[in-house]
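S.K.: Before I ask anything, let me first share the structure, which is written out below as structure tokens.
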Amino acid sequence: MWSLLLLAALVGQGFALKNVFDMRIQCPHSVKFGETSVSGYTELPPLSLQEAEQLVPESSCNMDNHQSLSTINKLTKVIWRKKANQESANQNSFELMESEVSFKGLCMLKHRMVEESYRNRRSVICYDLACNSTFCKPTVYMIVPIHACNMMKSCLIGLGPYRVQVVYERTYCTTGILTEGKCFVPDKAVVSALKRGMYAIASIETICFFIHQKGNTYKIVTAITSAMGSKCNNTDTKVQGYYICIIGGNSAPVYAPAGEDFRAMEVFSGIITSPHGEDHDLPGEEIATYQISGQIEAKIPHTVSSKNLKLTAFAGIPSYSSTSILTASEDGRFIFSPGLFPNLNQSVCDNNALPLIWRGLIDLTGYYEAVHPCNVFCVLSGPGASCEAFSEGGIFNITSPMCLVSKQNRFRAAEQQISFVCQRVDMDIIVYCNGQKKTILTKTLVIGQCIYTITSLFSLLPGVAHSIAIELCVPGFHGWATAALLITFCFGWVLIPACTLAILLVLKFFANILHTSNQENRFKAILRKIKEEFEKTKGSMVCEICKYECETLKELKAHNLSCVQGECPYCFTHCEPTETAIQAHYKVCQATHRFREDLKKTVTPQNIGPGCYRTLNLFRYKSRCYILTMWTLLLIIESILWAASAAEIPLVPLWTDNAHGVGSVPMHTDLELDFSLPSSSRYTYKRHLTNPVNDQQSVSLHIEIESQGIGADVHHLGHWYDARLNLKTSFHCYGACTKYQYPWHTAKCHFEKDYEYENSWACNPPDCPGVGTGCTACGLYLDQLKPVGTAFKIISVRYSRKVCVQFGEEYLCKTIDMNDCFVTRHAKICIIGTVSKFSQGDTLLFLGPMEGGGIIFKHWCTSTCHFGDPGDVMGPKDKPFICPEFPGQFRKKCNFATTPVCEYDGNIISGYKKVLATIDSFQSFNTSNIHFTDERIEWRDPDGMLRDHINIVISKDIDFENLAENPCKVGLQAANIEGAWGSGVGFTLTCQVSLTECPTFLTSIRACDMAICYGAESVTLSRGQNTVKITGKGGHSGSSFKCCHGKECSLTGLQASAPHLDKVNGISELENEKVYDDGAPECGITCWFKKSGEWVMGIINGNWVVLIVLCVLLLFSLILLSILCPVRKHKKS
């Protein structure tokens, strides 16, 4: 074992790519009763015949291989060769050589070996060989107790130059066999096969090993003779033994033949009718050529005197097992026949054999494991969310458009769990699991992160910090309003004067700028008037020497005195008395504004008179009266804003925030509603219809329309199969085409085109001297059949909704279809039309459990199907297997001295593979609450892809006198509450509702606090006690949720938990799809104050320490105010 591990670690990458192969063993995630074993196999590339005879399997698995497989087994080797003398070549120009050969580890299982390996926790590892005269293709088989699935994930098997990596894969099946994406549990009872209508039928791959054992109960040839109705003698002296089989790679041993086990009967029938079983072709060997040399008889063993086995010699790629056991002797004479097809046809009595290993499909009755709904929850993890999905049975499919769904599975008894990571929580997480759409509202996760952060910052008082955090972390404006309210209450006495001072400083800054600007503008106006007046009376103000325009008379006189003397009139600096020199000096002179400033001091007052700036300076922002007034006013305004913003979070698709009560409609005219409703949505309409003449007279109206149900009458077409198409050329030099039987003749679907007596020198191999004597057989057949889905053809489809109306004390219900109406004395409810994607004649294909939805095919062949069409290979229930037609043309390709080769120009890709390649072009649909038989399928659409056009008319002709009083009495009591207020997930309130005075009453029960209602549930009450669960979203920490009916509520309410960091469960889409409309009034100012008061009382009654802490903080702010802003002392006069 260790040598193998070391070798696997040291081999190069090229060796690993070429010589390491996978064997995948599928394990259910629960160990069932009985000696259950799991099995697997893998095909290996060819090696020489001499190497094949030296093979010995090795294993690094922690379950040791059964010891009996290490013993040497002897077989009779039969091989053919051409005769040395070919001068007179004919159809008998070849001969056989028999000899004894020894193998170690060949699949020659002993009696009770599999059972002992189960009890001793040992594995059975062996191999089989498919050989021609020069090379062999090994196939490795492994049988291991099911406990290995829990003990290891992988191990390594060595066989010659090859390494096989055994990988244990957990399926989502509890104990069943995975087929068609569903978990099938076969039933061995014969009665289930007789009553097939009560059971499902599935095609399961089976592996069988022949075990030679003498005894009267093991006379297998007698059973074969009886099954085929042949009259063979001396069956008691022929081979004895039985086949031990593992069904679907996961079952307890099945022994064939066994009359009391239907599984054994099917296996035995398959071995007799198709003794070669599945071929051993590797990928790329679907197209191959055989050259048949002819039939010959051999002596088994070689020491006997007479020939007792007929074989067919061939040359080409080996496709079928070369091991068998002779039927003519009870001593167990095993055969190894490379390059020879042994005669396995049991319709003749002599010269035949039985296959040592058989692999093929059998049809079994049984049942499919139930698909359980998924539970999905998420918790915050770093910047994203860590989620987990689990289901009671198994998870057959889980996807998410916004998460990285891993393959990490955990199993606890029958429960499967899958963990995955979502990188973003800024949007809701959508997960599709077991055909259900789950929505995880991540807003609650963000709330939890906020609470966690605030609580961590103030960890000295965790209880108080948490109580404050749950108020601050409510999303939206309400959280900010809460923060503003708490800050104002605690620190308002410090923040109000501080903020006022900051505002005053800003205002004074702008006032000062405005004041200065006004003074400058007035001074400029004075200068302009002085200049205009001087120019009118005395002339120009421009200096004659420097040409500078002066602003005052005093400045002009200074220019006239200084400029002449070559001095600057401002700074008295000497400069040349020229215009250019003086103008250049003015640009650098610092005193040019001297005369302007002197005049400004004369005309502008120095002190600022009373005005805005002075008023701001005199404002008493430290006044205790001002602070108290502002503090009180801010608390009132913020409380109103807080209460108004504490709205519920709307239910999808519609729930409006409303107060207690029900809306009323005066019946002046007929009441008509016309709308479109998605197929997944329920609709509730509730109103009080009032007499337009007398408002005191009213009748309650309650209409409930359930979600759309889809019912289709179908024809069960059966199971659709994927398959591989093989094209084999078989050439023999002598004889008619009917002379030989080829192994593919026993395949379920095959077709052959023969070119008989057409060979010539231009179309012959060099060792075939005959001309016009032989046959070229072109054989098409399907192998590797695998069921992939179940198909149903729609005969008719019906869309319906259940409609219930409570009009006063009258209660009526009816299920209406498309273009149908429900008419009562006062109401008419019609489905005018339905927008749908289903139509008569469509085919529904389910590629897995029907709970996961399916694909719609508009064109599905049901007769004259060609290979490659949708529905090409079908296995109908209780009918023979349906094979496709092969419409392509054959061509025999010939070359001189070359074996002819068949060519086929038709399609070679199966219909299933074509559909997978273009699957996005087909319409798909999801299902929920699906119920099905072979004749009918009923389900609901969880995605709302279909829509109904609904029209409701309520007549205005109502007898208000007799219908105004409703005798039904409803009593309410809040029993339990789960969930959290103010979160995205919401809460669920359980109400005990009693009904008296009438037998049945359709109404709605709502979840409300003192002010508003957050959710409602339409329910049909029966006389006595009823339990009603209401889902709501919203509220605050002081909300006491009560059960309400109209304006009447239960006496006591229950408080929901605070939103926190716990896991957030996914919400099923169907549970959330309801439209509720009762016309209740919206929340007004009175309602807002009720909410504020309820919140304050909730804090006082809840965690009163929080109120103490807030008051301490208020006292601290008052002390801080007295220190920073002391009261001014007034002196006594």
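The backbone N, Cα and C atoms fix where each Cβ goes, glycine too.
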S.K.: Is Pro338 annotated in Swiss-Prot on the same side of the membrane as Pro1126?
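M.R.: Result: no, Pro338 and Pro1126 do not share a side in Swiss-Prot.
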S.K.: Have a look at 41-61, 650-670, 755-775 and point to the one annotated region 'Fusion loop' in Swiss-Prot.
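M.R.: That would be 755-775, the stretch labelled region 'Fusion loop' in Swiss-Prot.
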S.K.: Which candidate, Cys378, Cys422, does Swiss-Prot give as the disulfide partner of Cys403?
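M.R.: As annotated by Swiss-Prot, the paired cysteine is Cys422.
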S.K.: Can you tell which of Cys749, Cys998, Cys1008, Cys1013 is bonded to Cys883 by a disulfide, based on Swiss-Prot?
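M.R.: According to the record, the bonded cysteine is Cys749.
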S.K.: Among Cys813, Cys821, find the residue that Swiss-Prot gives as the disulfide bond partner of Cys804.
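M.R.: Looking through Cys813, Cys821, the record in Swiss-Prot gives Cys813 as the partner of Cys804.
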S.K.: Please give the sequence-distant neighbours of the zinc finger (568-589): residues at least 6 beyond its ends with Cβ less than 8 Å from one of its Cβ atoms.
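M.R.: Contacts with the zinc finger (568-589): 545-548, 555, 558-559, 561-562, 595.
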